[in-house]
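First up is the structure itself, then whatever we jot down about it.
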Amino acid sequence: MSHTSSPTSVTKPYNIPGQDDVESQRESLTSPQLWPDSKKWPIVGLAAYCECLTFLVSMMLAPSVPQVLQTFRPSGGGEALGSFCVTVYILGFVLGPIALAPLTDLYGRLGIYRLYITLYLCWTVACARSSSLETLIAFRFLAGCFGGAPMAIGRAVVADLYAPESRPGPMAFYSFGTIMGPTLGPVLGGMINGNLGWRWVFWVAAMLAALAAAGLIFFLPETHHPTIEARNRTERRENMGRRHYRLDHLEKADGDCLEDISRAA
């Protein structure tokens, strides 16, 4: 005698209708690697521009060293100090990212990126207004410390946007700024110095930095996924708290209304 067993019923966990769609949509909005290329490539381009600017300014002053020495007329070691004006900026590259890299993992890329490019702009303006060779060297060093931000953050931004197997193309495009900056820096610096004077080398650099700062402030989103998720969780908790607060007040209002009706009856 054959025994036909009924299909085994599987108890599925309770799901709110549409919950999977909501979670999938939320993930697509928060994971930078799932953003469309139309959103990711402008971010890579902006990061590449900041990288190019950093290396461009590193060499723009080199053709202007004789004019700088002629302006300040140091008492001794003039040639060495003039060369140090150029190389001290590179020294700042070494020290700046040491403190920068851990901060971007703790607080995200965007805030640190904006802070560093703004301070870089300020110190570049200070270089243009230097009143002595010593202050120029000091301001140039500080500009290098904050100008090293794109080297630490830019590559991290590209890594945030692309999985390892998709990263070579965007990373090559980003690294193009590293090549073009030192190549164009002496040419552009020599043209500016020959026509406007050495101080305008820094004024032009400040204008380019202001353009980068505007791009970072108005167009660059946060790309560090843990930071995005942490902010979203905080926002969701705040929204839930506001909803519970409104529900509590509605329940209290309903209770007061029913109490008034019962008294009137």
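The backbone N, Cα and C atoms fix where each Cβ goes, and this holds for glycine too.
The annotation compositional bias 'Polar residues' is assigned in TrEMBL to 1-12.
What TrEMBL records for 43-265 is domain 'Major facilitator superfamily (MFS) profile'. Looking at the domain 'Major facilitator superfamily (MFS) profile' (43-265) alone, the prediction's average pLDDT is 85.
Summarising the annotation, TrEMBL assigns region 'Disordered' to 1-33.
As annotated by TrEMBL, transmembrane segment applies to 41-61 (among others). Counting residues 6+ beyond its ends, the transmembrane segment (41-61) has Cβ neighbours under 8 Å at 68, 85-86, 89-90, 93, 117, 124, 140, 143-144, 147-151, 153-154, 157-158, 161, 170, 173-178, 180-182, 184-186, 188-189, 192, 198, 201-202, 204-205, 208-209, 212, 215-216, 219-221, 223 in the same chain.
If you look up TrEMBL, you'll see 81-101 (among others) marked as transmembrane segment.
Nonlocal intrachain contacts for the transmembrane segment (113-131), taken as residues 6+ away from its ends with a CB within less than 8 angstroms of a stretch CB, comprise 50, 57, 96, 100, 104, 139-140, 142-143, 146-147, 149, 153, 157, 199-200, 202-203, 205-206, 209-210, 212-213, 216-217, 220. Taken from TrEMBL, the feature transmembrane segment applies to 113-131 (among others).
Taking Cβ pairs closer than 8 Å, the transmembrane segment (137-159) reaches residues 43-44, 47-48, 50-51, 53-54, 57-58, 61, 81, 84-85, 88-97, 100-101, 104, 109, 112-113, 116-117, 119-120, 123-124, 126-127, 130, 167, 170-171, 174, 223-224 in its own chain, all 6 or more past its ends. If you look up TrEMBL, you'll see 137-159 (among others) marked as transmembrane segment.
The transmembrane segment feature in TrEMBL is assigned to 171-194 (among others). Here the transmembrane segment (171-194) has long-range neighbours at 44-45, 47-64, 67, 154-155, 158, 162, 200-201, 204, meaning same-chain residues at least 6 beyond its ends whose C-beta is under 8 angstroms from one of its own.
The annotation transmembrane segment is assigned in TrEMBL to 200-221 (among others). Long-range contacts of the transmembrane segment (200-221) within the same chain: residues 42-43, 46, 49-50, 53, 56-57, 60-61, 64, 110, 113-114, 117-118, 120-121, 124-125, 127-128, 188-189, 192-193, each at least 6 residues beyond the stretch ends and with a Cβ under 8 Å from a Cβ of the stretch.
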